[in-house]
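Peer 1: Got these off TrEMBL a minute ago, pasting:
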type     : residues  : note
TRANSMEM : B:6-23    : transmembrane segment
TRANSMEM : B:44-68   : transmembrane segment
TRANSMEM : B:80-97   : transmembrane segment
TRANSMEM : B:113-137 : transmembrane segment
TRANSMEM : B:157-187 : transmembrane segment
TRANSMEM : B:199-217 : transmembrane segment
Amino acid sequence: MSIRPDPTFHATAKLAMAAPVENLAFTLMLSPDGSQPDGIAVVDVDPKSKNFGEIVSSLFMPNKGDEFHHFGWNACSSALSPLTGHAFLERRYLIVPGIRSSRIYVIDVKDPMNMKIHRTIEADEILEKTGYSRPHTIHCGPEGIYVSTLGGGGEDGTDGPPGIFIMDCETFDVLGRYEMDRGAQDKHYDFWWNLPRDYMVSSEWGLPPQFENGIVPEDLLSNKYGHSIHFWDLRGRRNIQTIDLGENHQMALEIRPAHDPAKEYGFCGVVVDTTNLEGAIFTWWRDEDGKFHAKKTVTIPPVPADADDLPELLKGFSAVPPLVTDIDLSLDDKYLYVACWGTGEMHQYDVSDPMAPKLAGKVEIGGIVAKHKHPNGKEFGYGPQMVEISRDGKRVYWTNSLYSTWDDQFYPGERGAAMVMADVGENGGLTLNKDFWVEFPDGYRSHQIRLEGGDCSTDSFCYPSV
Amino acid sequence: MSDISLVAALWWAVIVSGLYHGLNPAMGWPLAVSSALMEKKRTALIYALAALSAGHFMAMMVILLPFSMMTTLVYWEREVRIGAGLILIALGIYLLVVRRHPRILSRVPPSRLALWSFLVAMAHGAGLMLVPIYLGICAPQHQDAGHLASGSLMAGNIGTAFLVGVTHTAAMTLAGGALAAGTYFWLGLKFLSKTWFNLDTVWAVSLIVVGFLGLISTHG
């Protein structure tokens, strides 16, 4: 506990944009075959530093087979609401779940050059106290740290639905399930909220048997992956509405509400439409009566391809689907970045009018068939995946791995880890930075990125940007 | 100190503690700023402050009224004051040792500010802090013989408890309201994180200090 609020907490998204820029990034590294322990790399992202784009510190776990996927901060700007009562937490710990082991590490990064494991929470404890497994997205909020999970109980995580559990934000004890009434929700993926308006939105991927050993083509073609988003009374912990985006909209993944809580809309990325292989963005919003709605506002078509150039899974389609696997919204709510992992493109949409996004910039790198090279001449294995935007909105970072077994299906053979950065133009537009290319240790893949001082996909604000 | 100046000092304590509660962001003034910004209406600032005040006042009353009834037992007045002092010291020590904020507070929806303000004042002992001050004001040595008749004493004590609650809440609202309005109209939200200090320790210690002052006053 400190005397003053953490200087990286900001009342509004606008104040966060004006804060000092990031000098370091934390990137997850995973060993896809579990032969080495997973780790966290600290990447120097200060263009004035002689180590720009290099890993300057790393920490590897004591266990193997965790499969790091998503992670998050123990505390963020949401602590500045008196309602939470946690104004004096420090943004100091990274909460890192192993999606395969169901183990959670609490990593102290106060000294990023000398990171330490502060606490390890084993799968048994989580299962016993919550009935959940496969922890996934982390957000700090009113009651502490909220962790979404992809699996329920039992051997294969299908004994009961997955959901969200809450951890104490000081001791990191697992406190218990979040849901009092889950309504129709029976699968999980991402979640986020509007704190002053007191609602939460959650999404769906699939249950562990549908993702752990790779994508199950029969389940995909019979539309058995998640295609609904759920709205919740955040503090009442009850599902208040579920919107089915249509069963052909398979895998409704990332939920990105406007950062300014005065705006009552947000976006959700859909990986693939099984009727035409399109990727899609839905805009969801709340009307004056408090009812939620969702509408498809962006479609990204597949690219025709020769069956010989395609992996087994896609041969029958003679096309590469864009596969919208991650989206991220800049702090001014102006640009939505959309990773097209299949076609190897990063799209930038101007979403000033959230109901009518306009393509404002595009970068081509990697891709199943296109295999675009980085401007430095190096091969970018896989496609653009986990994306993170600098607080000031001027730099966009991304890595290339989706999920070990899925990487192998869509991109057979080992393609190597990558992390790149693109500069954003004054009036939009996106250009890959030639000088930024991170080399990762052999045998690793790279996943989610967190920025020193907070980022666009973790911080929640309690006051409107005015 | 003469009885009159002692009573005056105690009334000042009611006001100063009100200002202290009002200035503390943890008692809610930033929520009034947020309300006004979210609704894009200045009146929302006033409504939110009114809700915060109502909750705070209710918490004062819930604590002070039982004591106002107990002090009609003039013969046990000293014991009541010692008991109140000890309760306050115990709560102060508890808050010093257990630094966790009750989870129930974060489960209150932002739309129910009065309830939140009531619970937060109860959980932090804001009402209890007034008890020794209130008991000092009502002490029998400050009453004339006529008021010491039990019926009029009871009515008088309830009236005093009410007045203490109103005065304290008015001071709290004035201080919190000034900060909320200042932030909303001129200073901007950067002011919020710049001026927010961790008062947890100071708060717990001030409960203990007031508790001790209550105990010492029983030797007067």
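Cβ atoms here come from the backbone N, Cα and C positions, even for glycine.
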Peer 1: Same chain, outside the transmembrane segment (B:157-187) by at least 6, Cβ under 8 Å from its Cβ: which residues?
Peer 2: 11, 14-23, 27-30, 32-33, 36-37, 42, 45, 48-49, 52-53, 56-57, 60-61, 64-65, 67-69, 71-72, 130, 133-134, 137-138, 195
Peer 1: Out of B:44-68, B:80-97, B:113-137, B:199-217, which stretch has the largest tally of CB pairs under 8 angstroms to the transmembrane segment (B:6-23)?
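Peer 2: So the stretch in question is B:113-137.
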Peer 1: Do any residues, 6 or more residues outside the transmembrane segment (B:44-68), come within under 8 Å Cβ-to-Cβ of it, and if so which ones?
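Peer 2: For the transmembrane segment (B:44-68), the sequence-distant neighbours (Cβ-Cβ under 8 Å, at least 6 residues beyond its ends) are 21, 27-29, 31-36, 38, 80, 84, 113-122, 126-128, 130-131, 134-135, 138, 154, 157-158, 160-162, 164-166, 168-169, 172-173, 176-177, 180-181, 184.
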